[in-house]
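Have a look at the structure below before the remarks.
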């Protein structure tokens with residue numbers, strides 16, 4: 001398969017807004033409810049556990065499948081990185097939502113599951129631990145994405161994958177910019193208060 005085609009495919013797949021589609025089956029619009037983010041967490045809050053789980057699987061798959069396909073065809077690791085990045089960009093700036101979208105966390109997780117499965121699972125467990133300790137969802141997400149490139153470097157992972165981790169972190173800083181401002185303004189709610197707050201919106 002041509003590298004250019006798989007990168008385009010990754011963007012198109014990434015653009016499919018599963019976190020918008022599944023809640024719509026219950027008559028819910030994540031863009032108008034909860035945090036108003038087109039992401040699996042908001043799908044869970046707005047439409048319930050089942051739709052949230054389906055959205056999460058879909059968003060993970062958007063990152064995993066194109067990268068796994070690139071690896072199946074033994075494409076250069078730089079192409080693999082561009083493929084993963086294209087999938088995340090598709091989620092963040094969806095072709096089907098007028099180039100608006102979610103924050104890319106689950107899709108980024110899907111990319112890591114494809115390139116470093118065991119490492120990705122450990123990082124996800126560490127992320128959950130940080131959430132449980134701090135009770136902050138967004139700050140915990142930023143923290144884990146920030147330390148992933150450092151951990152990858154220490155473990156001697158491939159440079160191309162470390163570059164992807166850095167780019168994913170930068171993208172997350174951008175997509176979470178309002179959340180970060182809210183946190184430093186002392187307005188970010190801890191869990192489960194945050195869930196209760198957005199359920200009532």
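Glycine too: its Cβ is placed from the backbone N, Cα and C atoms.
Features of the protein shown, as given by TrEMBL:
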{"type": "TRANSMEM", "residues": "6-25", "note": "transmembrane segment"}
{"type": "TRANSMEM", "residues": "37-57", "note": "transmembrane segment"}
{"type": "TRANSMEM", "residues": "77-97", "note": "transmembrane segment"}
{"type": "TRANSMEM", "residues": "109-130", "note": "transmembrane segment"}
{"type": "TRANSMEM", "residues": "136-154", "note": "transmembrane segment"}
{"type": "TRANSMEM", "residues": "161-177", "note": "transmembrane segment"}
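Cβ atoms under 8 Å from those of the transmembrane segment (77-97) belong to residues 3, 6-8, 10-17, 20, 38, 59, 62-63, 66-67, 69-71, 103-104, 107-108, 110-111, 114-115, 158, 160-161, 163-164, 167-168, 171, 175 of the same chain, restricted to positions at least 6 beyond its ends. Long-range contacts of the transmembrane segment (161-177) within its own chain (CB-CB distance under 8 A, at least 6 residues past either end) are made by residues 77, 81, 84-85, 88-89, 92, 102-105, 108, 111-112, 115-116, 138, 141-142, 145-146, 148-149, 152-153.
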